[in-house]
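Undergrad: Input: one structure, supplied below.
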Amino acid sequence: MFSLQTVDNDLALKIYTKARATPKVIAAFAERREFDKILIYSKQVGYTPDYLFLLQTILRSDPQGAVNFALMMSQMEGGCPVDFNTITDLFLQRNLIREATAFLLDVLKPNLPEHGFLQSKVLEINLVTFPNVADAILANGMFSHYDRPRIGQLCEKAGLYIRALQHYTELPDIKRVIVNTHAIEPQALVEFFGTLSREWALECMKDLLLVNLRGNLQIIVQACKEYSEQLGVESCIKLFEQFKSYEGLYFFLGSYLSSSEDPEIHFKYIEAAAKTGQIKEVERVTRESNFYDAEKTKNFLMEAKLPDARPLINVCDRFGFVPDLTHYLYRNNMLRYIEGYVQKVNPGNAPLVVGQLLDDECPEDFIKGLILSVRSLLPVEPLVEECEKRNRLRLLTQFLEHLVSEGSQDVHVHNALGKIIIDSGNNPEHFLTTNPYYDSRVVGKYCEKRDPTLAVVAYRRGQCDDELINVTNKNSLFKLQARYVVERMDADLWEKVLSPDNEYRRQLIDQVVSTALPESKSPEQVSAAVKAFMTADLPHELIELLEKIVLQNSAFSGNFNLQNLLILTAIKADPSRVMDYINRLDNFDGPAIGEVAVEAQLYEEAFAIFKKFNLNVQAVNVLLDNIRSIERAVEFAFRVEEEAVWSQVAKAQLREGLVSDAIESFIRADDATQFLEVIKAAEDANVYHDLVRYLLMVRQKTKEPKVDGELIYAYAKIDRLGDIEEFILMPNVANLQNVGDRLYDEALYEAAKIIFAFISNWAKLAVTLVKLKQFQGAVDAARKANSAKTWKEVCFACVDAEEFRLAQICGLNIIVQVDDMEEVSEYYQNRGHFNEIISLMESGLGLERAHMGIFTELGVLYARYRYEKLMEHIKLFSTRLNIPKLIRACNEQQHWKELTYLYIQYDEFDNAATTVMNHSPEAWEHMQFKDIVVKVANVELYYKAVHFYLQEHPDLINDLLNVLALRVDHTRVVDITRKAGHLRLVKPYMVAVQSNNVSAVNEALNGIYIEEEDYDRLRESIELHDNFDQIGLAQKIEKHELLEMRRVAAYIYKKAGRWKQSIALSKKDNLYKDCMETCSQSGDRELSEELLVYFIEQGKKECFAACLFVCYDLIRPDVALELAWMNNMIDFAFPYVLQLVREYTSKVDELIKDRIEAQNEVKAKEEEEKDMVAQQNMYAQLLPLALPAPPMPGMGGPGMPGGFVPPPPPPMGGMGMPPMPPFGMPPMGSY
């Protein structure tokens, strides 16, 4: 067959397969490199090949195939048959580093914690041999359970410093490695800083700067930029400042500046830029930044004395340090920068520059040249202010004249020029009156202390009222002030100067009256002055002025407004002159003046004005309303004979209560407008005859329902019923319904009857007939009205008149309405007509529309007045009754039996039970009460019922309790009966419920049994029901005179676990069997042995033998035999000895059997282990020699000082294997 395989491999494989030579088939597949078929075939035939041997065989000829086979094994179901570590060692022994790495990378992909050793191993071997491969593995991040400190050390030795940094966790290790920046990619190092804590990162940065400040500065700057938030900007700044690295500070803050608003950061950046010579950057930041400390930056730049002053100019210009800037530039002889700043940077600040130069005593030529160089760009006002403050205004003369010559209309230019002219005295009046451009207020203020008249000229030109008033008051120029005020015609100005607060008002008024107004020819000025005097409330001065103007034939004598004003002023200030003015003047507003006179209570003057202007109505109103003289008013009315005047007189008479005279006056005035007031007044005065005359006149002028209605009412009041019938038959607009209601309300029933009959208002007609005692007619009218309200009114009237037949007719129509029925019933009852209302209700039962209310109300009436019919009524109509209402009635009338029945019908069982118990003589029936009590909701009623039966029906208590057995608390029932002294009475009930094992029931029954000396029942109760005070009961009966009772006590002690007390009690009564049983149940060896001693002491040999049998499990054999031998009771103990020998013989036999089985298992296990060791030795002989390992850290090689060579590891004993070289891993263990 061997020769056949060498000739034809396929044929040999088929023969092996056919012959089921499984090892040969697998060897053939391995030789053909069909490794997948090995696994498939083995699974099919159920064969487990020696995978380790196969792998070694394949490894010799095909390393890559071995890798593939090993990977196939790792994917087998149930796990890889060979340990991954063993497979790896096989590759490493042949120095197949790449193959071992490929295998491990594939099987370690799940990254499991249990593969931590193998992860470390694959990294170690590659770091020693192929560092690039290890770097790639670490870069992929596929492992996380390896020995990180160990791998970090190897990375450091392999020159993979960044990987070493990533694995070290101690600061000294990191600081040692991080200084190798020459071999670390800068970007990777920067990213590494992001993984460190703030403190460690700063420590590492300090070390880098200490080692190589210039070389590592860029890396540190980049790291600070990237992680400024984590590290803290302040810490980064302190780091650079510690090494005085302004360059680093400059580059770091440059990236952070745009996003920061911290003034300190902006200042430090400016400082760093200045110290590194970055003047352009300093100039840019000082020009663009809004966050640096201007004062601090200015001081720094002045101290730095940069050759370029532009940064300082930016700071001072932006933040208002122009005087400091000018002083600095002038003192440092940098005049060129002063000119540049004024001309190009900010001409608007030239006044500040000029002011500072004047303070620094700069030559005037330079200042004038500087001013002229700017010219129109220069703000004049601040420049003048600066020069004026320093009394150097003349310095600007040339500059100002130049601007004027160029046509400047700037107010500040002309203000300054005017001040110069005023100071020089060069015809200032001409300038002040002709120059249209200066500010009068400014120039006038300037003139006040120099020449007040010039100030007045300036203020007059600019209408500066307040300033002019102040300067004239101060300098007593009141004539000028009066002329100005009159000419201005300004109300506000007049108000101010005529104010009482003005201490110079008198002087001004004198000048106005004597000079200003007489000189004026303008009506507008006069009018404005007069209005001002009026507004200022100066009537006497105004009258004096107006009399001079109006009454002295001046140009304004016939002026309409001035005449009005004169009279009005006199009315207010001097009423005695008013009548004279009325008689002397003709051109004034009479109606308006008359009204004002009335308001001022000048009634005769007002009457004279109205009479003079033929205003008769207003005149008579003055007589009536103000003078209050009706006689004069009537006389005046007869004189003028005007209807409007008579109308006013009539109204006044009506107000004064002269009704008849007023009606006469209204008829003369033919005035129907006030008919409402006339009607009311006539009714109040009871002058209906005059009212009829007036209303007939009014009906001719207007058609009003009120008029026609009042006419009917007036006819009724004077008993002219025929006129009423005649009037309502004629066309009219009276509201007859309202008239009829009014007649009815005022008891004019005959007239109301006529109206209601005419308009067919049957309801009102019915009640009217009732008032007239015409009851039959009232019933007929009510039938036509068919209204509940009408029926009630007629019914109540008939009841009051004792017309009960007619009342019943009405009542039957009322009680069918639920809402009205009770009112009718109460009306009858309140008047004592009980039989009549009962008869009415009984008649109502037969009505087709009979409702529940009728039945209920009849029941209430029966309860009150005929209780003998009540129960029959309730039983007949229980479904048609309002039970709650009838319950209240029965409760009020104390009909307890009927009340109980109603409660039952209404399912109010609680109330029914309470009623029965509270009123038992009338309401109690045993069977009914039992039905009630089981349905109550309040459990307290159960116990109240128990009390009730104990007190009133003790013979039926057990019957009641049997019904309530499932609902009551048995403990509470027992307590109730015990307190009542009737506990024996409920014994049948307690026997029935003892199955519930209630403590109170058990104790009560046990007490009864003890009293009855019924020990059989007592023992049965104790055995079946254990919920009671067992010890207390035992103590109670342990001294009972009956033996069985004491025996029960011993039984209770035994049941409660009080063995000694039970045994002692049984011994006392010579109940030895009970003693032995108690000892046996107790499980207490000491008690059992004490009982043996007791029997020996008492000479109870039979009891001794019986006790050995009963307590066999508790008594120790040596104690039993010793006691028997010492007391000559061996014969009585011999049965016990026989049993003991038999028991111990059986136990020894079992132990021997177990021992033999254990020895057999140990021998089988040893044989199995020997077979496994033999098989492993056979595989170990096939392992080749391994390559030597590189030296470990800390160990010297052949060339190291000391000549230390590590000894080779000892060979694996007993296997014939060569020694295994160390690869930085523990040696492979034995198979």
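The first residue you see is number 1, and the count goes up from there.
Quick reminder: no glycine exception, Cβ is built from N, Cα and C everywhere.
Unlike curated records, TrEMBL annotations are generated automatically.
What you are looking at is a predicted structure, and each value in this text was computed from that prediction instead of being measured.
Sequence annotations record features per position, and here TrEMBL assigns coiled coil to 1141-1176. The repeat 'CHCR' annotation in TrEMBL covers 75-221, 224-366, 371-510, 517-662, 666-807, 812-958, 961-1104.
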Undergrad: Going by DSSP, how much of the repeat 'CHCR' (517-662) is helix, how much is strand and how much is coil, in residues?
TA: 112 helix, 0 strand, 34 coil
Undergrad: At a threshold of under 8 Å on Cβ distances, which of 517-662, 666-807, 961-1104 pairs most often with the repeat 'CHCR' (371-510)?
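TA: Comparing 517-662, 666-807, 961-1104: 517-662 has the most Cβ pairs near the repeat 'CHCR' (371-510).
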Undergrad: Could you give the mean pLDDT over the repeat 'CHCR' (75-221), rounded to a whole number?
TA: 79
Undergrad: Going by DSSP, how much of the repeat 'CHCR' (75-221) is helix, how much is strand and how much is coil, in residues?
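TA: So the counts come to 107 helix, 0 strand, 40 coil.
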Undergrad: DSSP on the repeat 'CHCR' (371-510): how many residues come out helix, how many strand, how many coil?
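TA: The composition, in the requested order, is 106 helix, 0 strand, 34 coil.
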Undergrad: Within the repeat 'CHCR' (961-1104), how many residues are helix, strand or coil going by DSSP?
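TA: Tallying H, G and I as helix, E and B as strand, the rest coil: 112 helix, 0 strand, 32 coil.
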